[in-house]
Amino acid sequence: MPEGPEIRRAADNLEAAIKGKPLTDVWFAFSQLKPYESPLIGQTVTHIETRGKALLTHFSQGLTLYSHNQLYGVWRVVETGNIPATTRVLRVNLQTADKTILLYSASDIEMLTPEQLATHPFLQRVGPDVLDPRLTPSDVKARLLSARFRNRQFSGLLLDQAFLAGLGNYLRVEILWQVGLTGQHKAKDLSDQQLEALSHALLDIPRLSYTTRGQADENTHHGALFRFKVFHRDGEACERCGGIIEKTTLSSRPFYWCPHCQT
């Protein structure tokens with residue numbers, strides 16, 4: 001599943017295609033969304049927001065399209081009038097004079113008023129987004145030490161969108177390697193120095209992934225500035241200590257780590 005950096009880059013591509021352009025045609029697959037098709041024609045997309053792995057497409061008249069790709073959903077940008085042949089099921093079509101954005105295969109799609117947006121169950125449950133520039137390491141440290149999260153093992157905590165939105169498995173693996181911790185560690189047991197390092201890494205690594213145009217790939221990642229240190233590198237030598245990277249399963253997900261320097 002794509003993680004926060006990939007979702008944000010997808011949102012950037014969608015924005016670049018249609019932001020500020022009048023919609024010339026709108027189509028939704030789901031019957032509960034059909035009443036919004038005609039009223040949206042002539043409106044514009046003002047911006048597209050990400051909250052972890054959810055996209056919020058904001059329209060000029062105040063409505064917001066909520067979508068969550070889950071495992072199979074995918075957005076595409078195409079030239080208007082050039083819808084590609086595919087076996088995927090089309091769910092959303094937002095068309096402008098020159099560009100069209102298409103959402104395939106997703107099933108979690110809603111149209112929200114401002115009041116509904118403010119009280120949406122998923123958005124109420126999800127934590128602050130790691131790509132939100134307003135979020136600071138001090139904020140993250142406070143969350144780590146809060147009663148809600150301080151006694152949680154990192155193997156599960158770093159996958160919990162209620163802690164920080166946008167983290168996923170490759171980020172979990174790379175962050176813990178960066179700070180030399182294991183999935184069994186808990187915030188309450190760390191020194192202040194370890195907490196500081198982890199609080200920074202929880203923001204620095206996702207943001208590096210985003211800014212260096214990362215694409216999820218099992219071999220390399222993050223372009224020239226960053227590559228996977230341990231993710232999908234079991235059996236290889238750790239570049240930090242020379243130990244052999246191992247693979248196990250933590251919180252029902254593959255976990256990669258170096259037992260020699262992650263202690």
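Heads up, residue numbers simply count up from 1 along the chain you see.
Each Cβ is built from the backbone N, Cα and C atoms, and glycine gets one as well.
Quick caveat, the model's predicted, so the values are computed rather than measured.
Summarising the annotation, Swiss-Prot assigns active site, schiff-base intermediate with DNA to PRO2. The feature active site, proton donor is assigned by Swiss-Prot to GLU3, LYS53, ARG253, with sequence analysis given as support. Here Swiss-Prot flags GLN70, ARG125, ASN169 as DNA binding site, drawing on sequence analysis. Taken from Swiss-Prot, the feature zinc finger applies to 229-263, supported by sequence analysis.
Positions of the features from Swiss-Prot, shown on the structure.
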residue: PRO2; record: active site, schiff-base intermediate with DNA; DSSP (3 states): coil
residue: LYS53; record: active site, proton donor; DSSP (3 states): coil
residue: GLN70; record: DNA binding site; DSSP (3 states): coil
residue: ARG125; record: DNA binding site; DSSP (3 states): helix
residue: ASN169; record: DNA binding site; DSSP (3 states): helix
residue: ARG253; record: active site, proton donor; DSSP (3 states): strand
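Between the CA atoms of GLN70 (DNA binding site) and LYS53 (active site, proton donor) there is a gap of 8 Å, rounded to the nearest whole number. A Cα-Cα distance of 14 Å separates ARG253 (active site, proton donor) from GLU3 (active site, proton donor).
Each of the binding-site residues GLN70, ASN169 was scored by how many other Cβ atoms lie within 10 Å of its Cβ, and the smallest score goes to GLN70.
Figure note: comparing Cβ neighbours within 10 Å for the recorded positions LYS53, ARG125, ARG253, the maximum is reached by LYS53.
Helix, strand and coil residue tallies for the zinc finger (229-263), in that order: 0 helix, 12 strand, 23 coil [DSSP]. You'll find the Cα of LYS53 (active site, proton donor) roughly 7 Å from the Cα of GLU3 (active site, proton donor). In the structure as shown, the Cβ atom of PRO2 (active site, schiff-base intermediate with DNA) sits within 10 Å of 17 other Cβ atoms.
Note: the CA-CA distance between ASN169 (DNA binding site) and GLU3 (active site, proton donor) rounds to 8 Å. Its Cβ placed at the centre, GLU3 (active site, proton donor) has 22 other Cβ atoms within 10 Å. Spacing of the residue listed as 'active site, schiff-base intermediate with DNA' relative to ARG125 (DNA binding site) is 20 Å (Cα to Cα, whole number). The distance from the Cα of GLU3 (active site, proton donor) to the Cα of ARG125 (DNA binding site) comes to 17 Å.
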